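Right, one structure below, let's go through it.
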Amino acid sequence: MKIGIIGAMEPEVAILREQISNMETLSIAGCEFYRGELAGHDVILTRSGIGKVAASIATTILLDRYAPDCVINTGSAGGFDPELRVGDVVISDEVRHHDVNVTAFGYEPGQLPQQPAAFISDSKLIEVATQVMHQLPELQSRIGLICTGDQFMCDPDHIEQVRQTFPAMMAAEMEAAAIAQVCHQFKVPFVVIRSLSDIAGTESPSTFEEYLEVAAKNSSAMIVAMLKQL
């Protein structure tokens, strides 16, 4: 199986890259592509850069050049669900933009024209992630809504506004909805696996810096375990 894996930052891809054998590296438009074998699969690990535009560029190149059978987005996120803690893993059942608003024209909050309100994760990939959840009980994992915006969520007023608009939201980050939208348009299955580096709030910047490596380790462990099941 040919699998694309996308992470935004170096710490989010480094652990996985170390485990790839027979690796070839390609740089295009500021994106890094590492192709080789991981857990018996042909894997293209992609470092996209931060934010929705960077993620869209990287995902488009990945899908057009390598044509993977599915895409997994890895990395860190900020927690929104009060039951979640730093280091916990959130698996997307759907992904939405939280910083899009064209409701004046009858669209749902977060919905772009000519796009669905939510991008639905692949049921088979969710099923595999669910199996892995039981195999890795040391990782606290939940399945739910992940929302994306070109914003680091640390302003309390803004956090409350987003929470009211998307009450089911478990985690926020800066790339997943863009990746999901490109996958939707290419008709490629996807899922998002994110570990929490912080809980959205005023302490988020310092917590993020402290726990990014923990989040990267946990999300990478989940993905390697998933690859072994696919």
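Every residue, even glycine, has its Cβ placed from backbone N, Cα and C.
Positions annotated as active site, proton acceptor by Swiss-Prot: Glu12. Residue density at Glu12 (active site, proton acceptor): 28 other Cβ atoms are found within 10 A of its Cβ, drawing on all protein chains shown. Mapped onto three states, the DSSP output places Glu12 (active site, proton acceptor) in helix.
DSSP assigns Asp198 (active site, proton donor) to a strand. Among the features that Swiss-Prot reports, active site, proton donor is placed at Asp198.
Classification of Gly78 (substrate binding site) by DSSP places it within a strand. Annotation comment: Swiss-Prot describes Gly78, Met153, Met174, Glu175 as substrate binding site.
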Local backbone state of Met153 (substrate binding site), from DSSP in three classes:
coil
Length of the line joining the Cα atoms of Met153 (substrate binding site) and Asp198 (active site, proton donor), in Å:
10
When distances run from the Cα of Asp198 (active site, proton donor) to each of the binding-site residues Gly78, Met174, Glu175, the nearest one:
Gly78
Using other CB atoms within 10 angstroms as the count, which residue among the recorded positions Glu175, Asp198 scores least?
Asp198
